[in-house]
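Student: First, the structure itself, so that you have it in front of you.
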């Protein structure tokens, strides 16, 4: 099972790469002209990333999959309604439970779309409805291009985080325009993109690594990380674990109340409870200023690692039970 998981979710090397980039930025942060070049490279990588998102996503497939509207509506509501509501409620917690300097980042974490690749992979391992998982995860990713920036504009007014009209223009030029151009170019490049999916994944991962290196470099040069103690990191980790546990519990209960099939409940569990580092970091890189990005991205980075570890265990256990039940019925 573990070898199968590693084959479906090539997460180990990428997680190591992220940690390596964090260490590199801590000791060799970009500065001066190097930082300026890095900023432009990151912007270009983000634009290319969303161009490829547009080229990969088939509108016809998405519309066809929406026939199971109850499941997909539930996933969207968990991702873009329940999660943000929990993020806003977290702002009411005492400072000892959620440090003030980490609250904007924790809130932003709750506004990001669901993951695509790992959500689908976990559904495969757990014996879920894979076709529904593909549509649910892709729909969440598509909506996230529009809804995450809109939600940030809506809810961040109460925080000391500057979101300017320049950020709105950046969203249009770096996210929406490349995405729409990718959609328009599908008829010519869709097959080419599909055939080179493995190679083009380097663009996905490379853009994220650039955003991480840029954010942590600036955090070092501006002294941002001196404001975050090890105690704060420990508290933030517990907050992320509590948030994930709460949403996993609610999605499990909702699947039963909605009388979904086993395969559909698995889709709701994994697609409705996870947050995307691949989409969240590039969007944050566009929306927030360089001096804010480090602390904004930290909760998402932590939550991402925690959700992978926890969901790996859950998917494995569900898969064993499901396959055992199928064997008993067929036997």
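Quick reminder: no glycine exception, Cβ is built from N, Cα and C everywhere.
Values in this document were obtained by computation on a predicted structure and should not be read as measured data.
Below, the features straight out of TrEMBL:
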- 44-64: transmembrane segment (TRANSMEM)
- 71-93: transmembrane segment (TRANSMEM)
- 105-126: transmembrane segment (TRANSMEM)
- 133-156: transmembrane segment (TRANSMEM)
- 162-181: transmembrane segment (TRANSMEM)
- 202-221: transmembrane segment (TRANSMEM)
- 233-254: transmembrane segment (TRANSMEM)
- 266-288: transmembrane segment (TRANSMEM)
- 294-315: transmembrane segment (TRANSMEM)
Student: I'd like to know if the transmembrane segment (294-315) touches the transmembrane segment (202-221) in this structure, counting it as a touch only when three or more C-beta pairs sit under 8 Å and are separated by 6 or more positions.
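Tutor: Yes, the stretches contact each other.
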Student: Could you give the residue numbers and ranges of same-chain residues that sit at least 6 residues beyond the transmembrane segment (71-93) on either side and whose C-beta is under 8 angstroms from one of its C-beta atoms?
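Tutor: Cβ under 8 Å, 6 or more out: 65, 103, 106-111, 113-114, 132, 135-136, 139-140, 143-144, 147, 151, 155, 158, 239, 243, 246-247, 250-251, 254, 258, 260, 264, 267-268, 271-273, 275.
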